[in-house]
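Feature annotations, reproduced from TrEMBL:
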DOMAIN    10-193  domain 'Electron transfer flavoprotein alpha/beta-subunit N-terminal'
BINDING   Arg219, 244-245, 258-262, 275-282, Asn296  FAD binding site
Amino acid sequence: MDRNIDYKNIMVYVEISDEKPVNVGLEMMTPARTIADAKGGKVIALIVDKNSSDAAEIVAESGADEIILVEAPAYNGDIYTEILENLVSKYEPAVLMIGGNQYGKEIAPRLAARFNTGCITDVIGVSVEDDGKIVWTTPMYGGTILNDVIVEESRPQIITVRSGAFKKPLKGDMVKGNILSENALYNEASVKTNIVDTVKEISETINLEEADVVVSGGRGMGSAENFSLVEEMAQLLGGVVGATRPAIEAEWVSRAHQVGQSGKIVSPKLYIACGISGATQHMSGMVGSDYIVAINKDEDAPIFEVANVGIVGNVLEVLPVMIEEIKKIKSSN
């Protein structure tokens, strides 16, 4: 791509899982719309999958001006990288945004190498300066420092976005985009990887990333027996159980429940932190929650700095009271 041209359009690769767009795919529409409006361009969503017409309709109502639908085999990094490379070359976006999940982390650096361009990973914020330059914000050192990055010349800019960093756009505010079809162009001879089978772990049934309510327990719960209070609270609220790394390492709950930099990044409507002091590694995985309730006996615990409601007290005394009150409310209704 000619680096002397001021490209304006923003392309978003929307990954599909179980015939639905993954959360981060829709979340990226929000910053993409901001950038495109500031630069006078369009948001182009790209869907590469099989049987994805229903998913395209969802994306069409989420802020994209155009949705490019490509029917392709099940995910293969070699194939999908080449398909995206061909489409980026054809449509010449200023930016290609990709979700920072397992597949995105595989595709993004490959594309950056092929286009000899910059790749910025784990983006959690974005702004556009008066001169049109895009400023990407990424966390460093476990989220203790925020780093602003500007790519001066490389085009397209390849970006991976952290799940939960942005809110999904409100459908009612959006004009429905046009759905277009493209052929899946790739060279069979270039496919070096043969995926024989894909097996889902049992842990994948624990969908922390898409839960509206997450109740997490930390070291302060004290034991596996006490941790059952966290599980009971989550069940009462129709939520899922999260945990800190110390709780995982103590084997109170499986690793599938870990929230944090080395676990899952969550952004529920309600996050309840039980006996969690607020290590940076954990908070970087839940700070995007809409509403945070923290229970800890240490009034100086860092978790209170991000909490909307802080309860200073012994979690083993506070949590049973909360559970009983919720039961009373539910039974009266």
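Glycine is treated like the rest: Cβ placed from N, Cα and C.
Feature annotations (TrEMBL) mapped to structure.
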residue	record	DSSP (3 states)
Arg219	FAD binding site	helix
Gln258	FAD binding site	strand
Ile276	FAD binding site	coil
His282	FAD binding site	helix
Would you mind giving the whole-number mean pLDDT across the domain 'Electron transfer flavoprotein alpha/beta-subunit N-terminal' (10-193)?
89
Report the member of Arg219, His282 (the binding-site residues) whose C-beta atom has the most other C-beta atoms within 10 angstroms.
His282
Binding-site residues (Gln258, Gln261), the one with most neighbouring Cβ atoms at 10 Å
Gln258
Would you count the other C-beta atoms found within 10 angstroms of the C-beta of Ile276 (FAD binding site) for me?
29
In sequence order, what residues of the same chain, 6+ apart, have a Cβ less than 8 Å from the Cβ of Ala279 (FAD binding site)?
Thr244, Arg245, Gly260, Pro302
